[in-house]
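What follows is a short report on a single structure.
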Amino acid sequence: MSEPRKILVTSALPYANGSIHLGHMLEYIQTDMWVRFQKHRGNQCIYVCADDAHGSAIMLRAEKEGITPEQLIANVKAEHSADFADFLVEFDNFHSTHSDENRELSSMIYKRLRDAGHIATRSVTQYFDPEKKMFLADRFIKGTCPKCAAEDQYGDNCEKCGATYAPTDLKDPKSAISGATPVLKDSKHFFFDLPAFDAMLKSWTRSGTLQDAVANKIAEWLDSGLQQWDISRDAPYFGFEIPDEPGKYFYVWLDAPIGYMASFKNLCARRPDLDFDAYWGKGATTELYHFIGKDIVNFHALFWPAMLEGAELRTPTGINVHGYLTVNGQKMSKSRGTFIKARTYLDHLPPEYLRYYYASKLGRGVDDLDLNLEDFVQKVNSDLIGKVVNIASRCAGFIHKGNAGVMVEANAAPELTDAFLTAAPSIADAYEARDFARAMRETMALADRANAYIAEKAPWALAKQEGRQDEVQAVCALGINLFRQLVIFLKPVLPNLAADAEKFLNVEPLTWEDHKTLLANHQLNPFSALMTRIDPVKVEAMATASKEDLTATDSSADTAPAGNGELAKDPLSAEIDFDAFAAIDLRVALILKAEHVEGADKLLRLTLDIGDEQRNVFSGIKSAYPNPSELEGRLTMMIANLKPRKMRFGISQGMVMAAGPGGEEIYLLSPDSGARPGQRIK
């Protein structure tokens, strides 16, 4: 037998500023299943994580709540830890980036980069809040859009017209924190020389460390040229002060990934068998894997490996990227009851049902995963209760009643047990490749065969026939052995079911290797229900509990519309005459391509077909469409005669039309079926 592998695994660090929701849980469940599989196979697999506990947002929320940042992150960590534990996510260590280990390692890495010439400084001009005595990030500045005059817009992008601009272009700027008028000030910032690692990154990202789709996206960024990365923030800031630079702090994304190392170092202090340098030192032969979402690929596939390389540390063996979660085919929505917190789910349903559903849908790619609540109920009830647990419930009673709970030594269908045995390597390969969906399909196919065998032999009918009790015992003993095999294959996904099954089977904790043997002349414990069907009423109750309160009344002035409708929130604009309207050329447009804009928080770049020509349009709809490829092939409406506007990212040749207040609530408009690209909208 080969030596056990030594593997260190991490998930992205949850931000210590809010609750965990089911979108977050997708990643932690995915990672936990892979880690449990490795341990199931006998490998030494360590799973560490931490709360991402630094940044202005945490500092400001703590101030608003009248507590210290340290109190806030301690409260959030307790909440996160409970959610993870109750979802059966089993970390070897869950730490915090606000720790002595992280301070020490962040300083060490920074000094190594600085001493190697990879840190530069230059002056940056930013808005400064004179009341709060702090520099303002773009999201903390609001004012009037310089393009369309919409009020209350962010410092870099207008959510109403989609325009982008520098914060200094904003009219009547105000601090979103204090309401004060900001002033421009210069400040020394520190930059990591990312372009110096261009050749290294081009090689590393094509060395098998990334999925092909991710490597291709990274190649686009590399081909467009890397920029120096600003790694500093000015006081006041909740984080670590940069060594030898009073009043200057590490940007949260500098010390956040170092939190992986810090959590492991904290564990090493309690585990003498673990050697920190064996996992993080240059040339380490152990394996290191990061599981992340596709929204933070640039930090993990560009900045992080470059930092490690520059600091003379090892780089990851692999970065495993997953897609976003949708619910019922749409982005999670509070108003629809599909923005579901982890705790809200746990208040209504067992964790293993969601673990199995995620496993049944998770492939090895970066495609988004949809949690369809009707399909969720059907799949769990059909697969787990109707197939897997059903085998044990069908057979256990006959063994207890007819043979005092002792399984006879008999293999009533060798070809069936051989099929289970020969399927194991393929299921293991699927787990290893993170193709959980294939592992579940192949396991359920075996469950179907086991159920078909039991249905064919019908022990309930045999038991009524004189002299056929030995057959009943042989059939049911085989059924229990096949159930045991299925539990072994499902244990990384369903650890509680496995533990309950082990008690019923009266066996030690099952390992993967146990699939090669059968129980014979073995005493079972009394059987009790291992799982119950999902009642759709509980799913409905969960959705109801997730809905935000939409019944608040509006207290606007008498001239405002009554109630809390859209006109109350966004009153009608001043009237225009028909000629003004007729001057607007509205056209049907086909979205040929939709993609993220590097460096822009809110923009998507759309390539539009309007009949005889193509247009390039930048639109501030990214928050509502985080997976822009979903828009490709869709018809929309655009203002085609809007004067082209030069933007920081290129020329925008028009404006697409959308409704909604902004953020996640943006809805791109589409014409009725039958409309063709280029047709005028009248």
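Just so you know, glycine gets a Cβ as well, placed from its N, Cα and C.
As the structure is a computational prediction, the values presented were derived from the model and not from experiment.
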Candidate ranges 14-24, 36-46, 102-112, 465-475 [criterion: Swiss-Prot lists as motif ''HIGH' region']: 14-24
Shell of the Zn(2+) site beyond CYS145, CYS148, CYS158, CYS161, same chain only (C-beta within 8 angstroms of their C-beta centre): PRO146, LYS147, ALA149, ALA150, GLN153, GLU159, LYS160, GLY162, ALA163
Fewest other Cβ within 10 angstroms of its own Cβ, chosen from the binding-site residues CYS145, CYS158, CYS161: CYS161
Distance, LYS334 (ATP binding site) to CYS148 (Zn(2+) binding site) (CA atoms, angstrom): 30
Residues from the same chain, set at least six apart from the ends of the motif ''HIGH' region' (14-24), whose C-beta lies under 8 A from its own: 49, 51-53, 55, 57-58, 61, 72-73, 76-77, 79-80, 83-84, 96, 324-325, 327, 332, 339-343, 345, 354, 371
For CYS148 (Zn(2+) binding site), the number of other Cβ atoms found within 10 Å of its own Cβ: 13
LYS334 (ATP binding site) and CYS161 (Zn(2+) binding site), distance between Cα atoms, whole Å: 25
